[in-house]
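To start, the structure under review is shown below, and the notes come after it.
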């Protein structure tokens, strides 16, 4: 592809769309990051960043965080709602609440809070869904608006901690998820002498579409039915505490791709709000929960990995629906709250790592079968002569199907003992040779070729063995088929010569990335430059800032990766603020109740028993260094 350009590279990886202007490809073919889209010239190359960190002693893989991206996302979301409020003349304000379950890392939470430190009236609060999260939030919420929303199932201790939060000066909303919580809240509030701020999570009939759609609808795990809502109102009236009900909450699920689903959910919840107000409640806050999606594949579609709306459209729909409904039913307009954790955090983190080796198909000269070879092998050779003889486009399809059918029969006959190992090896090689020739002869401009091209690309793809654990760093790719953009960090100024799949270093066949963002949608292979030991390059996994760290699993005892916080100044210079070392082998052993200290004693006994005296100290030192070392590969050259 002699006319390859950087624009072709950008289109091939769809980077201009999924990156939201935060990541790009330079004219030199290197992947860059611009943490502040308002200053696109202030960008740095990720390849050079990774190499410099390695020189400084930070081993790959490393998770790099860009806090300026967090700041930008917070302010963009607040700005979108502020503009919508002004546009529709909405008579209340907006508050962005960050649910820390999305990423509880202290650096992340503190940077989100710091994004509005200069605002006279911060539009930022925090959400907790468990006792540990609440205890963390109680220590941090004062850095913003001091608004805390308590979701999830609650016991007496959780509720007391939330009420204590009020005594500490926070505004803590205890959202009732089930009927039994109300009694405990009222009892503990009375005992502590605190007037509680109550919220109701309503269970909507409407259910949004997506991987997390079970979060909403009548069968939802959380929330109160219409009858239960009325019962809560009755109990609060009886206790003369109806004015404590200040918040209405609903949740359609994470990653809602269709704006119509959001609009319909807000509309139904808005009716709940108006009815509660008619019953005498003084609800002040309307919490739409999560659902604001991230366009992981950049297709701006209704797929599970995308969204068919933008930030402005999201805010406009919520504000306009509530404006119209409050006017129609003559009710005051409540403060709008959203819990948009995925949107805030996904883009800010990228995993940078190295390729430790590749396995690729290289065409070989294959001799024809002997005259007395089985007819099946003769047929496969005939397929090869036809495809190498430049068969017409429609004949190529027949050749492909014939060759695949023949190979299947070869495997069956080998299992029955009717073909030798040499016969099988020859058949597999000629099949690959035919497929390779077909791959070069078929064209995606023919619709009937496209599914076969996809199959050929997958069959002939290079295998890239990448220094990371899918289960630790991209658990959603394995667990729910989430798509994450993947790109080589350099060499993109040249046309990709290969297609590849990324395999991790765990001993598990599921440790493979099997979906890739492509300019044409989602593909099963990734276009890449040729990789060799002499001209290697690094790989980046993008949009991994939401959920992946906390959901990561220590399969094969691969632990947390190294991580770094990086900023880019107004002159385009990078500053590495901090580096957090990943887990050592001793760390991960301790997680599963294996003690490195006792292992060292055992090693000493074995060394003294089996190793000659002049080698003992070196062997022991190497074992000790192994326990102190990184869980990922460090020396594979």
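In case you wondered, yes, glycine gets a Cβ from its N, Cα and C as well.
The shown structure was predicted, so the numbers you read here are calculated from the model rather than taken from an experiment.
The feature substrate binding site is assigned by Swiss-Prot to 286, 287, 288, 289, 290, 291, 292, 293, 294, 295, 296, with sequence analysis given as support. Feature annotation from Swiss-Prot assigns N6-(pyridoxal phosphate)lysine to 101; the stated evidence is sequence analysis.
Structure coloured by features recorded in Swiss-Prot.
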{"residue": "101", "record": "N6-(pyridoxal phosphate)lysine", "DSSP class": "helix"}
{"residue": "286", "record": "substrate binding site", "DSSP class": "strand"}
{"residue": "292", "record": "substrate binding site", "DSSP class": "strand"}
> Whole-number Å distance between the CA of residue 290 (substrate binding site) and the CA of the residue listed as 'N6-(pyridoxal phosphate)lysine'?
Replying inline: 12
>> For the C-alpha pair, I'd like the distance in angstrom between residue 288 (substrate binding site) and residue 101 (N6-(pyridoxal phosphate)lysine), rounded off.
In response: 17
> What's the CA to CA span in angstrom from residue 294 (substrate binding site) over to residue 101 (N6-(pyridoxal phosphate)lysine)?
Replying inline: 17
> Using a Cβ-Cβ cut-off under 8 angstroms and a sequence gap of six or more, which residues of the chain neighbour residue 292 (substrate binding site)?
Replying inline: 77, 256, 311, 314, 338, 340, 342, 343
>> Given a separation of at least six residues and a C-beta threshold under 8 Å, show me what packs close to residue 101 (N6-(pyridoxal phosphate)lysine) in the same chain.
In response: 127, 129, 130, 133, 341, 550
